[in-house]
């Protein structure tokens with residue numbers, strides 16, 4: 001390779017190498033065989049079961065990341081930043097934990113439990129250094145929809161003998177709702193652990209950013225509705241300053257006796273001490289499995305997105321599968337301590353990162369703040385009005401409501417992403433959160449399928465003086481190679497779009513293969529009939545020589561009449577000849593000729609002939625179908641050839657190919673070969689070549705000599721174009 005730098009700001013290069021087809025490319029690069037790159041199942045099983053000391057160490061370190069960073073922890077460098085960060089996040093945990101418990105339709109104290117146990121578990125198993133595990137708005141709403149569905153107020157009205165009173169047994173209702181929330185959380189955690197162990201961490205990628213943002217925006221609307229019953233109970237005076245609303249609200253309520261004088265709902269008793277663990281009610285698993293799966297997926301999607309954001313900013317790696325396991329264990333263990341589903345909170349994680357947090361030791365400090373509150377400071381929050389907690393929820397939802405501006409942004413950037421956003425938002429509002437999530441994911445996947453089914457098909461032309469090939473419809477300077485059609489699809493070819501791919505190739509090449517092949521076979525049948533007639537004439541000639549003059553005359557009359565009939569019939573055949581070059585919009589000017597000789601008298605001119613156009617011409621065809629086939633037949637099916645002799649299929653966009661696509665490619669080779677058009681493929685990835693080999697694509701007639709390293713190699717090798725035309 002020789003590099004030549006010009007005087008301008010652009011560099012130039014000149015490459016001199018041999019033209020490489022697939023077979024020669026494999027020889028030059030010494031490509032490994034399929035067996036070399038894909039070990040057998042037995043070998044992989046042996047390797048997975050083989051235990052060595054380094055492998056055991058890596059396995060333990062990956063399962064317990066705390067063993068990697070804790071021995072290296074520097075108290076001098078990280079101690080104070082983590083302590084300050086942990087205290088700040090711990091203070092946020094207190095109001096958020098109690099407020100979000102209301103969203104889950106649980107007593108506020110269980111929000112504090114949820115802010116304690118899962119965070120401690122994540123410290124040992126998590127790989128992110130900056131996310132803050134605990135309560136989160138969306139998950140709290142999702143849990144609340146489950147608890148209120150399985151434990152509605154109507155099921156807990158007190159009975160006075162045989163009569164049902166309007167008084168609600170709040171203690172029994174809350175106790176059962178805690179059981180429902182714990183069972184759902186444990187089941188969701190187990191689902192996350194299993195997905196992580198089977199390396200299913202990529203599942204979170206199916207939740208695109210527009211989907212997640214629309215989902216959280218709609219969930220915020222659910223949260224607003226859920227808090228209206230609390231927010232309209234009292235109008236606290238607004239104060240400025242950090243946490244002033246929460247300290248001030250509690251004091252006003254306590255000294256004003258709002259609960260007793262004005263029946264304003266307050267937090268109520270917060271029991272001191274920690275509750276003992278208990279096994280969740282497994283009989284509820286069957287009723288909450290759908291909700292548990294939705295909680296597992298949504299929680300993981302939020303966790304991995306936040307984790308990767310901070311990891312990218314600070315230069316470390318987050319293991320998606322280990323994050324699933326860590327989050328699952330946090331939920332599973334937390335469920336035994338009456339916690340509900342957790343995931344990172346954006347607001348707390350930002351505080352933990354911006355206040356200088358370096359490791360998950362900040363999570364230890366925040367957990368200690370929550371623990372001290374539960375053990376000693378709980379009574380101080382008993383008189384806190386629930387309306388204040390509802391107001392806290394409203395404030396935390398402010399960022400989610402700002403996401404409505406996504407509509408304007410997506411309208412300008414991507415209409416399809418906008419559709420995903422709107423459908424997600426609407427389905428989440430109209431349906432429950434779990435059904436809304438399922439409908440949203442389904443619609444998002446359908447948009448991907450539709451986009452692969454309807455890709456952009458283009459004919460490529462050469463940029464003069466280069467080896468570059470671009471779409472001739474979108475680039476003015478691109479020049480189509482004479483006699484060559486270079487065809488490319490913007491998506492990979494597979495079963496869902498294979499038929500559309502074939503139809504697009506026919507349209508772009510201007511050759512209606514199906515009708516042409518049928519016509520060719522009819523011509524072959526006519527030829528066979530002519531041969532049979534010639535044989536019969538020879539036999540009759542022999543009879544004339546041996547028979548009487550009368551019989552000879554009669555046979556001669558019959559033969560002459562039959563020959564005249566076939567001659568008239570063949571003179572009715574119509575051929576189509578292109579008389580002008582193809583324009584950028586794909587149109588040509590065609591001349592219709594009658595008879596088997598292109599030099600016959602012209603019947604007429606048809607401008608911009610399109611597929612399906614009809615013209616009534618005088619011919620003695622046997623039926624309407626035969627007439628149509630004769631009318632639209634092209635050159636070499638008569639006595640001439642058309643202007644396309646080669647088609648190059650650019651497969652650079654294909655990352656896989658299935659059996660249906662392989663059959664389609666075979667059909668393309670066979671069909672075009674019947675009308676003397678050569679087919680070549682270019683820029684196939686190694687994995688695609690392997691799949692073609694395994695699918696039995698290569699035969700004696702279709703060899704690797706028809707596959708090329710690039711489009712330019714195919715053009716130079718087989719399309720009879722001088723190299724100087726390009727370089």
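Every residue gets a Cβ built from N, Cα and C, even glycine.
Within the chain, the transmembrane segment (100-125) has long-range Cβ neighbours (under 8 A, six or more residues past its boundaries) at 63-66, 93-94, 132-137, 140-141, 143-144, 147-148, 174, 177-178, 181, 223, 226-227, 230, 267-268, 270-271, 274-275, 322, 325-327, 329-331, 333-334, 337-340, 342, 360-361, 363-364, 366-367, 370-371, 373-374, 378, 381, 386, 389-390, 393. What TrEMBL records for 100-125 (among others) is transmembrane segment.
TrEMBL lists 180-202 (among others) with the feature transmembrane segment. Long-range contacts of the transmembrane segment (180-202) within the same chain: residues 104, 106, 110, 143, 146-147, 150-151, 278, 280-282, 284-285, 288-289, 291-293, 295-296, 299-300, 304, 319-336, 338-341, each at least 6 residues beyond the stretch ends and with a Cβ under 8 Å from a Cβ of the stretch.
According to TrEMBL, the transmembrane segment annotation covers 214-232 (among others).
Taken from TrEMBL, the feature transmembrane segment covers 244-268 (among others).
Within its own chain, the transmembrane segment (288-307) has Cβ neighbours under 8 Å at 127-128, 130-131, 136, 138-139, 142-143, 145-146, 150, 180, 183-185, 187-189, 191-192, 195, 201, 203-204, 207, 209, 212, 215, 318, 320, 323-324, 327-328, 331, 341-344, 346, 349, 433-434, 437-438, counting only residues six or more beyond its boundaries. For 288-307 (among others), the entry in TrEMBL reads transmembrane segment.
As annotated by TrEMBL, transmembrane segment applies to 422-450 (among others).
Residues or ranges marked as domain 'STAS' in TrEMBL: 474-718.
Taken from TrEMBL, the feature region 'Disordered' applies to 528-554.
If you look up TrEMBL, you'll see 528-542 marked as compositional bias 'Basic residues'.
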Mean of pLDDT values spanning the domain 'STAS' (474-718): 69
